[in-house]
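Reviewing the structure listed below.
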């Protein structure tokens, strides 16, 4: 049974077969889409043919209202259901004003649109650009509203969207955009002195702003850290300006006469000193100027009681600078002495709390006689000698003889006359050469080739060698007569690893030929049955390792074997894990391992020596046979060897042919026989 909308079924059935018809009737005041109060629906493959729906007859609408120069897109009906919509369209060269759709609601249509005659567009004259395919399109103008054409802009101009081409549209009010090509401004045309552009764009269109920032210490004309300029038809509105500015300075014992926080280049700031203070020049007020590098000077005032007058005079000397009437606290003045006088004390005096610090004195310099330089001399000695003695402060170039150098390590330098005599006091120092050193079992660890007097030379010993005091490195000193000693690197041995034994010495290292005594632990003894022993430090290390063995694990002489013996001379005692090699006598074959090992006081199983087979002429003659392919002399064969025989001339085999091949087995061989 379907859902009935504003209607009822004329049947009480609950279900219907394919092709069954169901009649229905509308409620009072309602009718179907087509104005009927009754109707029928049919049960089909996909359900009911349609829904049994009735509508309020007062809410339907008649045909849609007509409009001038336009019409509905669909064929008009006599009746329209509530919420039905109809679409309008205008005739050619007319454009729709208002919504193109109207709706049926409560029996009435909504307001229909109007068709207005479209104003045609003439050919667009685009400044700084033009239409694509202009010559082909021009004959078709004027055109109706709604038409669009692609156009381009000249160099340095762009469309309102920022592109070099776009579409221009004909509307009722004319062409859009009204200004198709806008002028552009380039970032490269901007010079920002003491600032920088803070945007990444390189091209700006008409009326677009470009932001810039000033460096620290600079500001725009209105005092901001950043500003903007605008792209106009003729280029940028102005060039960015970043003006040097000065912050309010720190005042020392003074105050500013202005409330400003920053100042432009060349601005003046007046200040006044606190009571009891005055400027460097004795004034209580002053001015500073904002310059390229900041304020012209700091607005500083000083306690007038802490200033100093002219610096005190000294005998045989004077200040280096022209004296002033007044000096500020912490001011310094430098003194100098007259010729042949030298300064004693600090060359500077300082103004503090209104007084100068202690000035220096000028002392008459003691003259220097001609310098007698051992192992060297002055350059141009004969020319200079007549001018001696000389005053302190004089300097002369000098040289040193072979194997001597100046204190700086050079072969020449300057000698200076001072109040206390010549400096350096020893102008030429003895040198020692690396080539004079013979170091055995070591090497010099420095790159210098020449060493001056009292200079040490470091050396190192090779691994396994040490200095006389047991170190891996040492040093020798350059003395007046040469090196203090030759480097010594002595062969040494570290304390060895002791196996089942202990050393009788506490030493950690031992020189060549030193002896180290040791003793075995209880129940252990040396290879030779001793409980003590000694090892000697040699060129290749210790003579042997101090090793002791468990006496119960040793072995006696190895067991004897028949027809064989050991390869080495037998000992009375063998250490654990010792091995001995056996060998057999001639023509006997070794069976088993050729080695035996001592383990837990016993030897492992020894090998056996297997007898050979001796083929004699006598045995072959008895059986009338001879060796095949060999002489009939005595022949020795090992176990497992096969010997082939044949009958002697004039004899025939008394046994089968295969029996003429005999195998030797542990000295036994069965001979074949011929008759």
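Every residue gets a Cβ built from N, Cα and C, even glycine.
Annotated features, as they stand in TrEMBL:
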DISULFID  61-104  disulfide bond
DISULFID  308-351  disulfide bond
DISULFID  555-598  disulfide bond
DOMAIN    59-117  domain 'Sushi'
DOMAIN    183-244  domain 'Sushi'
DOMAIN    306-364  domain 'Sushi'
DOMAIN    430-491  domain 'Sushi'
DOMAIN    553-611  domain 'Sushi'
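Here the features listed in TrEMBL are placed on the structure.
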residue : record         : contacts (Cβ under 8 Å, 6+ apart)
61      : disulfide bond : 79, 80, 82, 84, 104, 107, 108, 109
308     : disulfide bond : 326, 327, 329, 331, 351, 354, 355, 356
555     : disulfide bond : 573, 574, 576, 578, 598, 601, 602, 603
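Counted within 10 Å of its Cβ, the other Cβ atoms near residue 104 (disulfide bond) come to 21, all protein chains included.
The Cβ neighbour count for residue 351 (disulfide bond), using a 10 Å radius and every protein chain shown, is 21. Cβ contacts within 10 Å of residue 598 (disulfide bond), excluding its own Cβ and spanning all protein chains shown: 21. With DSSP states grouped into helix (H, G, I), strand (E, B) and coil, the domain 'Sushi' (306-364) comes out at 1 helix, 26 strand, 32 coil. For the domain 'Sushi' (59-117), residue counts in helix, strand and coil come to 1 helix, 26 strand, 32 coil, using DSSP.
DSSP assigns residue 555 (disulfide bond) to a strand segment in the three-state reduction. When pLDDT is averaged over the domain 'Sushi' (183-244), the result is 85.
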